[in-house]
Structure formats: C-alpha cells, structure tokens
Amino acid sequence: MAEVAAVAARRRRSWASLVLVFLGVCLGITLAVDRSNFKTCEESSFCKRQRSIRPGLSPYRALLDSLQLGPDSLTVHLNHEVTKVLLVLELQGLQKNMTRIRIDELEPRRPRYRVPDVLVADPPIARLSVSGRDDNSVELTMAEGPYKIILTARPFRLDLLEDRSLLLSVNARGLLEFEHQRAPRVSQGSKDPAEGDGAQPEETPRDGDKPEETQGKAEKDEPGAWEETFKTHSDSKPYGPMSVGLDFSLPGMEHVYGIPEHADNLRLKVTEGGEPYRLYNLDVFQYELYNPMALYGSVPVLLAHNPHRDLGIFWLNAAETWVDISSNTAGKTLFGKMMDYLQGSGETPQTDVRWMSETGIIDVFLLLGPSISDVFRQYASLTGTQALPPLFSLGYHQSRWNYRDEADVLEVDQGFDEHNLPCDVIWLDIEHADGKRYFTWDPSRFPQPRTMLERLASKRRKLVAIVDPHIKVDSGYRVHDELRNLGLYVKTRDGSDYEGWCWPGSAGYPDFTNPTMRAWWANMFSYDNYEGSAPNLFVWNDMNEPSVFNGPEVTMLKDAQHYGGWEHRDVHNIYGLYVHMATADGLRQRSGGMERPFVLARAFFAGSQRFGAVWTGDNTAEWDHLKISIPMCLSLGLVGLSFCGADVGGFFKNPEPELLVRWYQMGAYQPFFRAHAHLDTGRRGPWLLPSQHNDIIRDALGQRYSLLPFWYTLFYQAHREGIPIMRPLWVQYPQDVTTFSIDDQYLLGDALLVHPVSDSGAHGVQVYLPGQGEVWYDIQSYQKHHGPQTLYLPVTLSSIPVFQRGGTIVPRWMRVRRSSECMKDDPITLFVALSPQGTAEGELFLDDGHTFNYETRQEFLLRRFLFSGNTLVSSSADPEGHFETPIWIERVVIIGAGKPAAVVLQTKGSPESRLSFQHDPETSVLVLRKPGINVASDWSIHLR
C-alpha cells in the first residue's frame, strides 16, 4: 500500500509540474506579469479607433423634429452628418435624483446587447417636461428636484444643471462615436491586418472642424474592424465594428474614484498620454502595481467628488471597456442659451471622462447626489446592496493551495485549538477534487468528506471547497456528460462545444448567461447531487473571468457563442457575475431558501455585491502588495462591493515573519479576512512562527473576534442602505481636502480609524486624524487626540494603530472563543467614546446569524444607543424587528468621562438600581460593571 501511495504521489507531483510548465509557456511566467500577453489600447483595434478621434465639434446632430415626449421618457433621433446613419437617444428622469441616457441604432442590422440581470428592478420614473425651446435647443425639467437638462441639437450635446449650476455635460468634447453596423466591404479581402500596424484611422472631425466639412469624405473600415489577430489568436468579427464611446465633462471636479479593479491608488489618475484604465475581467498572473491594466473584475462606476458635491456615472456595458481621464480648465460660460443658467465668470477646474466599449449600446446612469451618501443609495437602488453574510464568514479563514487530505485538514483544525487561536473556516483548493472534477472528492485523499465535515461542525467550524466554472472534458464524468447532452456549454463560432485549457486539462465552459444553465448549476449544490457535502460546506468560485490558459489574454475567444446568439465579446464582463449568482442560488436552494449562502468569487461586475464576497486575487508576499490592498478594497467598497479582502501573507512567495504579522494586523481590520498561499510556499499556520510572532497574531485575531458585533452591524447597515463598510476618509469628511487622496488609512463605519503599518522595520506612522472640533481615542491606551491633525505615532511590532472617534459607541464581545458560533450568545460590552460635547451614539444588529429569518419573519434586533446629558439610553431603532436572545449587557466602558457620584440603572417596570463602577482619572475611563440587562430591552443608565 505504501508503494501504491508513493506512486500516486509522484504522479500528482508530475501533473502539478506539467501544469506549471504549461503555465510558464502560456503565460510567460516571470517574477512579474508579462505585459505582452495583455493588450494595450493601441493593440485593441476598437480602443485605437475610438481614441484616434480627437476633441472637436461632434458630427452628430439631434433632429428636434423627431422629438417625442412620453410619460416615461423622451426620444429624439441623432443624425451622423457624414454617414447619415440615425441613432435614437432616450432620456429618462428617474426618482432619487438620477438620469438615464440610452443611445442605440435606430434601425440596426442586428439587435445590440443590452445588459440584463444587473438592475434589481426598472427604476421608477421622474417625468420630464419641456420648459423651453428654440431652433437649436430644448430645455427639459425633471419632476423631482431643481434639475434641468439642456439638449442642444447641433452639435449634439446634453448639459445637466441644478438650478443655474452646471453639474455635467455629455458630448461637450464631441467624442460620441457609435460604430454602426454595416455589410462587409468586398474590396477589403477576407482578412484585415493585425492590430497595431500603424494604419491611419478613418477621417473624423478634429479640433476646429465643422461637421459640414466632413461631408463627402469616404467612410473607411479600419484594420481590425472585421477580423484581428493578437499573438497567435484570431478573432473573427462577423458583425464588424460595433464599438461605442461617449465623453462626460465634470466642471468643478478634480478628484474621481472607482472603476475597479485596478492595482492602483484610490484617486484615479489622468490617463492622457498613457494607457486608459481598462475594464476586462482577466486572470493576470503576478499582477503589477500602480498601473491601469485590467484585473479580475470590472465595475463600470465612476464617482466624482469636491467639497460641495458628489456625482456618479454608471456605464452599463458588459463588453471590454476603456476609460480615459483628463484634467482640464473649463470656462463657466457656455454658448447660446446656457449663459442664462450659469453664475459667475472665469475658469474652474474640470475632469473629463471618456468611456469606450467594444459592443453594446450606450446605457448610462447619472447619479446626481448631491452627497456621497446619496450617490451610494442611488447606485444601490439600481444594482442592489451588499448581501448580509452569515456571521461565521466575518471570522478568520485559513486556506492554502492545498491541504493534502482529511488528516491534514483535521490537523490544521486541531492546531488552532492547541494554540488557542480562533478560526471559523478551513479551505480546500483544486487538489481536493478527483482529478479536478468539481463536485467530487479525491477518493484516496478525501474518502469520507462528510465525516470530516461533521468533525469540523462539532467544533462549530465550516469548510469551503473550490468549484471552478470549467469542467473537465471526460466521458463518464457526470457533470460533463450532462452539460454536453443538454447543450449547456459555450459554443464556438461554428456551433461545436467550446473547449479550452485549464486546471483539469481540456475543459468545457458552462454558458452561465443561459438561465437554464444557472438553474442546472444551482441544483448541483443540493446534498443529493454534491455527494459528501453538508450544511457547513460553502463554496469558492475561482477562475470565473473566465480563465482559459490557452486563450487570448488567458481568457475566452471573443467570437465564442452564448445563449441568445450573443458573442462572448458582448457578455465577457458579466460572465463572472452569473457564476457567482448561480452558486449563491444553489446554496440558498439546498436549504429550502432558509440559509444565507457564503460564496467567494474572483471575477465580478456591477451587482455582484448581491451574491457574496470578492478578493484582490493572486497577490505577492511583498510590502507593496500589503499597501495596495487598502486602495483596492476601498475602491470596491465605493461601488457597492463591501465584502472585500486580500490574501493575508500574499499568495506568491514566502513572507518574512514581520510582513506576515503586519498582514494579519491589517487583515483583522478588513471586511474579508483570509490567509491563503500558493502550492509552492511554506506552511503558514500561525503557530509555526516563533512564539513572539505567534502571540502578536493571536492578539490580532482576538481584536477581530472581539469586534464581530460591530462588523456584523456594519454589514447590516451596508445591506440596508448601500453604504460602504471600509471607507475612505473623505466619505465621512467630504469638505476636508486633505482626505481626498489619502489611501493608506481608512474608516470602518463612522467609528474606527485604522492606519495599518505597511513598511518594513517601521518605528512610527503618520496618522491623519480628521474632523474640526472632533476627538479620537487610541483604542489601546485611550489617549485622546484632537482633530484635525497629522500625528506621528510610534509603533512596535505589536502595534495596530486604531482610533475610535469621539461621539460613537462600539459593541464588542470580550470572550474570544474557538469560532464565532461559540461566541454568538456571549454578553456585550459597549465602548462609549464621548465627543467634546459629551455625546455618543451607535447601533447593534443581532439575529440568528445564518438564516433569512431577519428578512422573511422580521426576526432581528436593531438597537440604538444614545449618550447625552450624562445618560445612556437603549431603544429600538426598528420597531418592526423582534428577536429573543439571551445576550445581556455585561459592561459599559465610557471613554472621556469624569467620575460620577453614583450610577443608576432604570428599566421599565423595575425600580432604580445602583451600578458599581470604576474610574481611572489618568485615562478618563469610566467602567460600569454588570448592568445585567437583556440587550433587547429598553433601559437607561444615569451618571449622577
């Protein structure tokens, strides 16, 4: 038996080596990404064509005679004065201060793709009315708010105003470009030259051109319009060039954010003269930092901020997209009738944003704020809010590629107990499956998965197993056979099943754009279909960009065919969302709709927040990768994806102990907290480090678990209101210009400010404490600091600089146990940090931690705590909720308080009772011991 096992082990190692060699050939493995494997704008024919068009007068003219105003929208035809092709513009005023703009061909040869399943519902209409008109413009008034839209006919332009203040302009730079569908030109030949060959672009209006001067110029087809080649991959384009582009001008705006995912600073940079930001979901091996290259996910939402206003642009398009950003100075006056609406004179800074997508229609939502909280709610009303996760998923996750077998998993589980370290979840990567056949278990290494799961369940722990969306092509493998027989794979352009190369070798790719496919996939997670699964097994969807090792840019051919006859180029960026959606639906359905799912996915799109968590992908054990996780997760939170984290310790390479310690300290204060590592790295169980490092990691884990009631409440607030959990400082302090570019520290909710230590050998950090007239308390020493100021804070290896804002109340669990489920009924301690005015407030959300009963049966508690006038009051913040719980208030810690003569507790129906207390005059901390009141009850505590 030993010899058989040894042979099997050698075969597994040989296969792993073969895959790595293959990856080295396909991906050009080096110490960093091989950029030549991924397109630049110059190598993307549609981006090159779009970008070749320079600002000037637009060739499009709105035909005002065609204008029709209905109860839901206004439509008007746009005429290209060179090609004479007609487009149709549809304008909608929406409730909650939003506007929608859609542009499509009036008579397309073939319908263009309109992105489904991202919007949670048709947004309610705020009717438009015509309030003014002349020969070249129409003034529209929105039914809600002081908003007007000026539609200028020639050249076509839209200006959106609030009263007399210009908020933004559409096509002010004349960069609207809509490549209409056409028949192939016979003279062109069967193939176009490869992209990037230096051919001249078609003639379009340039600076100073008049639209009529371009009339009569022949319309040409660019190289790459009908077929293009990248490296060895040929992309047929049977429908020809279909790209769309449009510009937006934002006067008064110098700071813009969003459009993740990029490994870059929080504030977006000017791209003119360089590469635009690219949105195209890709498996990028060992990605570089501080550049606009595409990564695993795409959310086409851009936010603009200044001290007085916030705006958002949501570009609803699932095709490959590039975004150019430029900084200009714009006059406050405009031609024609616009002068009547504007105030002042002179110049103002302006940011111009240009969107360019390969296919689809132009479908854009303008989110008009006026505050950033309003913008968050507006976007959430369109695409939904962050799913409320099960409580366990907010604990610590231990993962690597791969734990060898059942004994290894249970040994890791035992390691946490033996070393008094909390942990909620252990993860299994691709090696757990039988030959990487997902929904199976390797019979030699995981022969009794259900027994293993039961052992973990007895410790109140969970297991996450990877289920990737590529299926091994293997006759006799039930998953493959059913998908092939049902015709549910993505097809090639000739109608056969598309096959690519991934972890199992030759693999088919399920067509998740097909609702039938998604239903089939969801059903696979039933306990009957997923043999060996149990209620404490959850799922990880990796590689869902989709990743195709031998495909162009490590992804699928763009001319692959999907449900409904759409090409992959139309749907690429939404594919990962559909995988995430179907998996989350499956976990929900397996419990009869009772249990909340937990699914981690790598690729994402607008709306992915409804289905679970994401992470920043395959990072590296380097200090700069530790740093970059902050702006990466901040950017994701700004566009709705709050459940974000980075692989603690770095996926590639072996971290030095100091780096690993600092990463645990940071991870403890990020929404998703998972350690993960590559197959070739050393084991990283915290107990394997020297004791001095292990002790510090234990403390970081303890801080995470102590704050779980606070984290859970933040997630409920994000779920309810759409506000991010991990926030840039400017979100809370919108008028403080100093905060606008800070991305090495952040807020959790409005209560905690975190400045991780992210430099090797650091002896101190510079912390900016914002807020005029506010105070901040170090959560360890309780030392008080006044804002605004930049504070030099000395640090040791055990330091995690965290401050609680005066005026907030943070709930904690003070008994750290082996998992969150072991703590869920523990008593609560309230940390009350007083403002200079002697006030504070906070919330606490509680439910059963795992079902949808909070939603379907209103079984929850939302308590509001308010301290004012030396009295702390607990009341219900949502009377519709009801939930019986044994949790009680164990202590109240009041920071910044004087010593009272007495402390009195009042509860309804009971006489007053005195509480024991202890006051520390050096720290001004007052501790009230054992009020002993149920957290669900109304009560007040008076300091006398």
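Keep in mind that glycine also has a Cβ here, set from the backbone N, Cα and C atoms.
Straight from Swiss-Prot, the features:
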SIGNAL    1-28  signal peptide
DISULFID  Cys41-Cys47  disulfide bond
CARBOHYD  Asn97  N-linked glycosylation site
ACT_SITE  Asp542  active site, nucleophile
DISULFID  Cys633-Cys644  disulfide bond
How far is it from Cys633 (disulfide bond) to Cys41 (disulfide bond), counting Cα to Cα, in Å?
26
Pairwise Cα distance for Cys47 (disulfide bond)/Asp542 (active site, nucleophile) [Å, integer]
28
Quick check for the class: what is the C-alpha distance, in angstrom and rounded, between Cys644 (disulfide bond) and Asp542 (active site, nucleophile)?
15
All chains considered, the count of other Cβ atoms within 10 Å of the Cβ of Cys644 (disulfide bond) is 27
With an 8 Å cut-off on Cβ-Cβ distance and a minimum sequence separation of at least 6, pull the same-chain contacts of Cys41 (disulfide bond), or say none.
Cys47, Lys48, Arg51, Glu275, Pro276, Arg278, Trp322
Let's check the environment of Cys633 (disulfide bond): how many other CB atoms sit within 10 Å of its CB?
28
Count the Cβ atoms, other than its own, that fall within 10 Å of the Cβ of Cys47 (disulfide bond), considering every protein chain shown.
26
What is the interatomic distance between the Cα atoms of the residue listed as 'N-linked glycosylation site' and Asp542 (active site, nucleophile), given in whole Å?
37
Cβ-Cβ neighbours of the residue listed as 'N-linked glycosylation site' (radius 10 Å):
21
For Cys644 (disulfide bond), name the DSSP secondary structure in the helix/strand/coil scheme.
strand
Could you tally the C-beta atoms, other than its own, that fall within 10 angstroms of the C-beta of Asp542 (active site, nucleophile)?
25
